[in-house]
Structure formats: structure tokens, C-alpha cells
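The structure under discussion appears below in the form of C-alpha cells.
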Amino acid sequence: MEHSRCLSCLILAALLSQVNPRALEVLEAEDKVILKCNSSITLLQGTAGQEVSDNKTLNLGKRIEDPRGMYQCGENAKSFTLQVYYRMCQNCVELDSATLAGLIITDIIATVLLALGVYCFAGHETGRFSRAADTQVLMGNDQLYQPLRERNDAQYSRLGDKWARNK
């Protein structure tokens with residue numbers, strides 16, 4: 001449960017230079033965020049909360065609403081400033097070690113099955129002859145060029161019948 005709380009929200013409490021951590025506290029009660037101070041709390045910027053008791057306790061609202069802002073505890077020269085920033089992860093999935101191991105093992109099995117399928121279908125072609133049988137002799141008798149044939153059977157060969165052809 002503690003891990004899910006750490007993963008579900010991010011609290012950034014940056015105390016400025018003269019801050020006493022005991023003077024201003026951030027409490028999480030159920031699903032609400034509450035600020036407690038020894039003296040009065042003043043909102044500098046951000047989410048305006050509801051005062052709970054005599055301006056020493058401030059309810060910032062629900063954690064799911066991402067309360068954030070700068071708050072000042074005290075009004076004199078010894079005032080403390082606190083910055084609160086909540087960010088709830090609403091679409092997150094808790095990822096523990098068993099889930100991560102399951103994902104990795106499933107990925108490895110799927111990859112092996114895919115490689116096995118490719119090997120079975122593409123690796124063995126039956127009825128295939130050797131490479132020597134694939135080669136054809138295009139021109140016999142060591143000829144460099146193939147002699148041209150007469151072309152009287154083509155579509156446009158009848159147009160030039162009036163002129164003599166050089167053979």
C-alpha cells in the first residue's frame with residue numbers, strides 16, 4: 001500500500017532558505033491534503049484551501065484534484081514559505097516485479113515462436129533443384145551477338161513495304 005501511495009502521487013515540498021520544517025507541516029488525511037502551521041497561513045499563489053480552525057490549519061482539498069501552490073506560515077520576519085505540488089497519476093498501472101517478469105517472459109516466448117514460424121515456412125523449399133540446373137544457356141556456340149530475325153509479322157512492318165530493306 002505504501003508503494004502505491006508513493007507511485008500514485010508526487011509531493012514536492014521545497015522549503016526555501018529560512019524554513020523550519022516543524023513550523024509548517026503537510027498532512028495526508030484519507031484523500032485530503034492539510035497544511036498545519038504554528039501561526040497563521042497565507043496563500044501566496046496557487047490553490048486556495050478552506051480554513052479549518054483559527055487560520056492555523058488549511059485544507060487544500062482532495063489529492064486527486066492536484067493541489068499546488070505557495071503558502072506562507074507567519075506574518076513577521078520569521079515567516080516560513082512552503083511550496084506544495086501534488087500530481088496524481090490517474091491512468092497508471094502498478095508494475096511490480098512479477099508483472100514485469102511476466103511481460104519479459106511473454107515477449108521472449110513470442111519472439112521465439114515468430115522466429116520458429118519464419119524458419120519453418122521459409123527455411124525449407126521442397127522440390128528445389130540445385131543452382132547448376134537453374135542456369136540456362138542463352139546463346140549457343142560461343143556467339144557474342146544473336147543474329148536479328150526478319151520482322152515482317154509486326155504491326156508496322158507493312159507500312160514500309162515500298163522501300164527496299166537492307167539485309
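In case you wondered, yes, glycine gets a Cβ from its N, Cα and C as well.
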Problem - Candidate in C6, C73, C89 joined to C37 through a disulfide, as Swiss-Prot lists it - result: C73
Completion exercise
Most isolated by CB count within 10 A, of the disulfide-bonded residues C37, C73, is C37
Problem - For the topological domain 'Cytoplasmic' (122-167), the mean pLDDT of the predicted model - result: 65
Problem - Collapsed DSSP category at C73 (disulfide bond) - result: strand
